[in-house]
Every structure is written in structure tokens, then in C-alpha cells.
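Annotation source TrEMBL lists signal peptide at 1-21. What TrEMBL records for 27-63, 69-107 is domain 'EGF-like'.
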Amino acid sequence: MKGYLVIAVVIATLCLSEVRSQISRDPCKYFTCENGRCFAPNDVPRCECFTGYIYNPVLQTCVLLLPDPCAGFSCGNGVCIAPNGRPICECDPGFKFDAGRIFNKCVRIPGSEV
């Protein structure tokens with residue numbers, strides 16, 4: 001029985017050695033990189049995301065990069081914010097947000113002095 005145990009240990013060691021060898025030859029082999037491609041500087045796998053995607057270190061993959069809701073949204077006398085993914089203006093003192101009535105931007109509050 002001892003002879004079989006030695007053979008099993010030798011085979012297991014050779015198999016483990018082969019797996020390590022395969023991983024060191026191609027570090028990207030077992031690295032999932034959805035929406036991107038894997039590259040391995042210094043044998044450390046990393047994701048290079050396709051256009052429109054960004055790497056999420058928590059999920060360890062590339063996720064869709066959402067467009068900036070404030071892109072092209074001019075507030076005039078204020079700054080665009082998007083707390084819920086919808087653009088609104090945070091207006092300067094003496095101004096208020098004209099929520100889509102006419103201009104969809106900050107307008108002067110009547111009677112206010114700035």
C-alpha cells in the first residue's frame with residue numbers, strides 16, 4: 001500500500017506543478033475580464049476596458065460607464081448636480097431653478113439684490 005501512496009503523492013505534485021506552470025505562462029487564463037481584455041504586466045492580470053466601460057475593482061470586471069447627466073446642461077448662474085441621475089441646478093444666491101418652465105436654468109429671483 002505504501003508504494004501506491006508514494007505514486008499518488010508524486011502524481012499530485014506533478015499535477016500541481018503543471019497547473020502552476022500553466023498559470024505562470026498565461027496569468028490571464030483564469031482571469032475574467034468582461035467588456036475588456038486582460039493583459040498581464042509583470043505576470044499580474046489586469047483589465048483594459050473597452051470604450052464606454054470602466055473597471056470596477058469591487059466586481060473585478062469592466063462595467064458600463066454611464067453618461068454624465070450634466071453634460072450639455074447649462075445652469076447659467078449656478079452649477080449642475082445630479083443626485084438621482086437627473087440634472088438640476090444648484091443656483092447661486094439670489095437665483096432659483098426655473099424647473100423647465102422656460103429656460104431650465106437658474107433665473108434671478110425678483111427683488112433680490114446680488
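Using the three backbone atoms N, Cα and C, a Cβ is placed for every residue, glycine included.
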DSSP-assigned states of the domain 'EGF-like' (27-63) in counts, ordered helix, strand, coil: 3 helix, 15 strand, 19 coil
The domain 'EGF-like' (69-107) [mean pLDDT, rounded to integer]: 86
